[in-house]
Amino acid sequence: MTLLNVSDLSHHYAHGGFSGKHQHQAVLNNVSLALKSGETVALLGRSGCGKSTLARLLVGLESPSQGNISWRGEPLAKLNRAQRKAFRRDIQMVFQDSISAVNPRKTVREILREPMRHLLSLKKAEQLARASEMLKAVDLDDSVLDKRPPQLSGGQLQRVCLARALAVEPKLLILDEAVSNLDLVLQAGVIRLLKKLQQQFGTACLFITHDLRLVERFCQRVMVMDNGQIVETQVVGDKLTFSSDAGRVLQNAVLPAFPVRRRTTEKV
């Protein structure tokens, strides 16, 4: 089943020039894509190529300048109030900048309960039980429930944001560089959790990343973005190779996971 369909999407931002006239900076140009239930897809590209802007459009935080976005066959622009609430529950996003994604005055307990209060019909006790369950799933415990964001490390806060998104059991989870910043052990744990969710609920995942290792370990398909356009799409197999210049540049930039000791024949 197709969850999300994007056709001919373009987007620009207006900014003032020296003449006082508004100039338009194109960020996305004729982007088309589709995501199916249970699918894991990567959107791969360098910083500044338009990946995060596309993500904001997909979750409805901004409206595109041109083109269409449909959720389960319904255009986002035509969703009624009830449908929009269901859409906000079904599609969740975890941002790269976790500090800006939470209220620093709220406790972790309040942060986790917030989407459940607004999007689910759960009693308070059920919300608290699910909050504990989600924390455990991302390798945190109840000791952080009464802490506030400034009291957490960056990795802990990122996992809190992931737990918050998972608490409403979304149909599609968009992760904007949200896993790449975790260390390899935590990253592996999160990936195991996401695989489990896919098996249980058919959750689809869209990884927005520049981390090719993450793509090769977890994704079934990868789209390469460059200068606001998707320049190629590849199925991820045993040997992932790219035909576009942008894809090859990213592939050549990958460093080994561990340092390689060079042998030397020089005598001291």
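One-based numbering along the chain as shown.
Cβ from N, Cα, C; glycine included.
These features come from Swiss-Prot:
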DOMAIN    4-252  domain 'ABC transporter'
BINDING   G45, R46, S47, G48, C49, G50, K51, S52  ATP binding site
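Each of the binding-site residues S47, S52 was scored by how many other Cβ atoms lie within 10 Å of its Cβ, and the smallest score goes to S47. In sequence order, V27, L28, V31, M225, N227, G228, Q229 constitute the residues six or more apart from G50 (ATP binding site) in its chain with CB-CB distances below 8 Å.
Excluding the listed site residues G45, R46, S47, G48, C49, G50, K51, S52, the same chain places H210, M225 with Cβ atoms within 8 Å of the centre of the ATP site Cβ atoms. Of all Cβ atoms in the shown protein chains, 15 besides its own fall within 10 Å of the Cβ of R46 (ATP binding site). The binding-site residues under consideration are G45, G48, K51. Their Cβ neighbour counts within 10 Å are lowest for G48. Its own atom aside, the Cβ of C49 (ATP binding site) has 22 Cβ atoms within 10 angstroms in the protein chains shown.
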